[in-house]
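Colleague: The structure's right below; bear with me while I get my questions together.
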Amino acid sequence: MKNYSSLIIGGKKFSSRLMVGTGKYKSSQDMVESLSNSETEIITVAVRRIKNEQSGENLLEKINWEKYWMLPNTAGCVNSDEAVRIAILGRELAKLSGQEENNFVKLEVIPDKKYLLPDPIETLKAAEILIKKGFAVLPYINADPILAKRLEEIGCATVMPLGSPIGSGQGLLNLSNIRIIIENAKVPVIIDAGIGVPSEASQAMEIGADGVLINSAIAQAANPPLMAQAINYSVKAGRQAFLAGRIKKQDFAVASSPEKNISI
């Protein structure tokens, strides 16, 4: 049974339901301000891109790791063997940052360079190996209810179906499948990829997602810190709306004023 009062992943409790990525920012200052404005507690770090090749900056030195929980990801991996190797490196990075107990990994296995769609077979294979190695696995997948359930059954800490392709800003294109995943899951469902604006983040939360992970929508906005703040508000509003319960849709109008006992 899901816990609706707080977000619990791998036995760790979080108050924020917004996860934020650290890539694509125009400057490290934009990134730091955006992270602060988002009020996130979990930030993703691409292990293979920890050092900015253009500026030479190291993410580990720019972020206060006492404030944020590191979620190393295996971006750039094209098969399960690569993903396992990078995940192990990511766990060591977390330890170097002072998070000795951090065994989280965002599992990405993406051989498709054009559409950046995850490989379901290699993802499942890597997840099985990593779980045996003691990782809390957060797998990035297509909106496939059967795969999501299988990953849950083998012990993944969450499932992370995409809303639409990475960085596309197309929003939630497969709502029916995402709804099925949410309905059937006993682990947190985090919508990852494709969200472009706050209203889409709110929509994900309104249908019952446990959280969202957002990078491009913030990092590539004209004003990233302001967008981070807007998305933070939208995630909170969407969650409250889900808990409050929306009205039933009708095929006809329903008067809001009483039709009986009218005094005038």
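Every residue, even glycine, has its Cβ placed from backbone N, Cα and C.
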Colleague: Considering the 1-deoxy-D-xylulose 5-phosphate binding residues Ala193, Gly194, Asn215, Ser216 given in Swiss-Prot, which of Gly155, Gly167, Gly245 is annotated for that site as well?
Modeller: Gly167
Colleague: Round to the nearest Å and give the CA-to-CA distance linking Ala193 (1-deoxy-D-xylulose 5-phosphate binding site) with Lys106 (active site, schiff-base intermediate with DXP).
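Modeller: Rounded to the nearest whole number, the Cα-Cα distance is 13 Å.
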Colleague: Below 8 Å Cβ to Cβ and six or more residues apart, same chain only. Which residues does that give for Ser216 (1-deoxy-D-xylulose 5-phosphate binding site)?
Modeller: Gly21, Lys24, Ile166, Gly167, Gly169, Gly196
Colleague: Within 10 angstroms of the C-beta of Ala193 (1-deoxy-D-xylulose 5-phosphate binding site), what count of other C-beta atoms is obtained when all protein chains are considered?
Modeller: 27
Colleague: Counting across all protein chains shown, how many other Cβ atoms sit within 10 Å of the Cβ of Lys106 (active site, schiff-base intermediate with DXP)?
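Modeller: Its Cβ has 27 other Cβ atoms within 10 Å.
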